[in-house]
Amino acid sequence: MNAVTNGESREILLVAHPGRRDITETAKRVGKIFERAGIGLRVLVDEADSSRIEAMTEPEGFSAPGLDVTVVHPGPDAAVGCELVLVLGGDGTFLRAAELAQEASIPVLGINLGRIGFLAETEAEHLDEALAQVVRKEYRVESRMTLDVVIRVDDEIIDRGWALNEASIENRSRLGVLEVVLEVDGRPVSAFGCDGVLVSTPTGSTAYAFSAGGPVVWPELEALLVVPSNAHALFARPLVTSPNSIIAVETVAGSHDGLVFCDGRRTLELPAGARVEIVRGATPVKWVRLDSAPFADRMVRKFELPVTGWRGRKP
């Protein structure tokens, strides 16, 4: 049910990491803050979340008199009609919520209750101020590019998917190496054996691609990153291409079967001899921004980078 604030109907979808008591308590705080502001709240729940939802909707929780809460289940319509998706958790929970936000073409706001939480806009200790900004609509929305992934066998499309962070092409058996040929914009670049190949967005450059040795790319820069993983070749270095490039990875016939993991959540089968084509996604993910802090400051804070000795430029 949508609540009405100053003549305007507003509703927000809450997606929280299941099973953690601290997140359950935080979710109750969110519900009560939105109740006071006259904003309706949807809570995402699936079967694995049932015990958490029961705790959140007990009398002292979300079902307090006058509190407008609707329980919804995962699906393409879960977020339709909402103003935004609010995430309580880490990056895994954020990626789960991003699927729903993209389908509904609404922005997503992450509150980090995980470990690093690079995708989150703010930390748990700033929850009240973040929610106050949402209530006052004092936020801006930016778009983050995504990836569209297609798998072909003999020019026939057998599967497709999308990713916000990265598409990870990996050896299915984990035995031996995956033999691939890398192609950019219709031209072969290198053939090599490897554990896998990552194709990442700038948003994903601080995730799996970073762990595999790829560069950190500022989110304002639109580009595609290609990062081979444990490649057995002289030239198998990370590449940064145009955002309009077509990246293709062909698995050599007679090599191992592979798998393509989209954000580590959605899995596509990759038979030996198949071809993976990855391009800039047609539908971006919308991102709630609460402040204009430089990306460098966020990176230093999240990764706890040493900056002792920095003097800076004098004005």
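Every residue gets a Cβ built from N, Cα and C, even glycine.
Per Swiss-Prot, the features are as follows:
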ACT_SITE  Asp91  active site, proton acceptor
BINDING   Asp91, Gly92, Arg96, Asn165, Glu166, Asp195, Thr206, Ala207, Tyr208, Ala209, Phe210, Ser211  NAD(+) binding site
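Pairwise Cα distances among Asp91, Gly92, Arg96, Asn165, Glu166, Asp195, Thr206, Ala207, Tyr208, Ala209, Phe210, Ser211, which the record gives as the binders of NAD(+), peak at 26 Å. Following the DSSP three-state reduction, the secondary structure of Glu166 (NAD(+) binding site) is strand. Put simply, Thr206 (NAD(+) binding site) is 11 Å from Asp91 (active site, proton acceptor) when counted between their Cα atoms. Using a 10 Å radius centred on the Cβ of Thr206 (NAD(+) binding site) and all shown protein chains, the other Cβ atoms total 24. Here the recorded positions are Asp91, Glu166, and the one whose Cβ sees the fewest other Cβ atoms within 10 Å is Asp91. Under DSSP, Phe210 (NAD(+) binding site) is assigned to a helix (H, G or I) in the three-state scheme. Using a 10 Å Cβ-Cβ cutoff, Tyr208 (NAD(+) binding site) registers 21 neighbours.
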